[in-house]
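Report on the structure given below.
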Amino acid sequence: MRLVILDNYDLASEWAAKYICNRIIKFKPGQDRYFSLGLPTGSTPLGCYKKLIEYHKSGNLSFKYVKTFNMDEYVGLPRNHPESYHSYMWNNFFKHIDIDPNNAHILDGNAADLQAECDAFEEKIKEAGGIDLFVGGIGPDGHIAFNEPGSSLVSRTRLKTLAMDTILANAKYFDGDLSKVPTMALTVGVGTVMDAREVMILITGAHKAFALYKAMEEGVNHMWTVSAFQQHPRTIFVCDEDATLELRVKTVKYFKGLMHVHNKLVDPLYSMKEGN
């Protein structure tokens, strides 16, 4: 497991975006070889998406041969609702890049048969050859996607009832009105993400510090679902200084001492431009 510690949110976002960019370019995607990328929503990845859009607009990165799979979607919220994750992804990322809409996979929370929708999503991932890099974020309680505390660590894509802490946290997106906040969602399972060849989790802010401590310094525990990634062969946690506040000093010092190695993963930044 790698822990990459940057000074602040902006630098953490940039590091993550550079890593995604380099992974896609090194993969050399093409018409018969698509790169499969798992993606999160929420406030944490916005900075990363902004940088990826910059790399695309500068001609350094193309998503023409990339397939994306989003982590989750609310149940019962229309796709065109401003707070649906479909709207989030198109407004904040997809409409600014050259991805084929048919290759941007987002769960349908209004499907007539929700279980069939979940099963079909898992099948699409298999048909794509699995996910090369799954990018995620976590909540203050350590949940990844909508795998709330107590979720099975081998779970697959399914329908989940949201924890009250999650509903309260999401109320800010619905004018503070709890009655408007969806109480159920479709989500990839912990096992779905664990199947990815590589996982990168973005963790920023002091309010995520205890979750990072649980993920890094304590054992695997289904009450802290992010801890499952201790058992993944290729996990990277990308965080800012604030997120490390609950870690032991020697833990932080150890991983900061490896930054010269970690930075080689993003420097130089590769480009798809001719001659680069």
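Including glycine, each Cβ sits where the backbone N, Cα and C put it.
The Cβ neighbour count for Asp72 (active site, proton acceptor), using a 10 Å radius and every protein chain shown, is 22. Taken residue by residue with DSSP, Asp72 (active site, proton acceptor) is part of a strand. For Asp72 (among others), the entry in Swiss-Prot reads active site, proton acceptor, with the evidence type similarity to another entry.
Long-range contacts of the coiled coil (103-131) within the same chain: residues 34, 36-38, 66-70, 72-79, 84-86, 89, 94, 156-159, 182, 185-188, 192, 195-197, each at least 6 residues beyond the stretch ends and with a Cβ under 8 Å from a Cβ of the stretch. The feature coiled coil is assigned by Swiss-Prot to 103-131.
The Cβ of Asp141 (active site, for ring-opening step) lies under 8 Å from the Cβ of Glu148, Pro149, Ala163, Asp165, Ala211, Trp224, each on the same chain and at least six residues away in sequence. Asp141 (active site, for ring-opening step) carries neither a helix nor a strand DSSP state and counts as coil. Summarising the annotation, Swiss-Prot assigns active site, for ring-opening step to Asp141 (among others) and lists similarity to another entry as the type of evidence.
Here Swiss-Prot flags His143 (among others) as active site, proton acceptor, drawing on similarity to another entry. Contacts of His143 (active site, proton acceptor) defined by a Cβ separation under 8 A and a same-chain sequence distance of 6+ are given as Pro149, Ser151, Ala163, Thr166, Thr225, Val226, in order along the sequence.
Per Swiss-Prot, the feature active site, for ring-opening step maps to Glu148 (among others); the stated evidence is similarity to another entry.
Look at Swiss-Prot and you will find Thr161 tagged as phosphothreonine, backed by similarity to another entry. Summarising the environment of Thr161 (phosphothreonine), the number of other Cβ atoms within 10 Å of its Cβ, over all protein chains shown, is 12.
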Using a 10 Å radius around its CB, how many other CB atoms surround Glu148 (active site, for ring-opening step)?
22
Coarse DSSP state, helix versus strand versus coil, of Thr161 (phosphothreonine)
strand
Between 0 and 100, where does the mean pLDDT of the coiled coil (103-131) sit?
99
For Thr161 (phosphothreonine) and Asp72 (active site, proton acceptor), the CA-to-CA distance in whole Å is 12
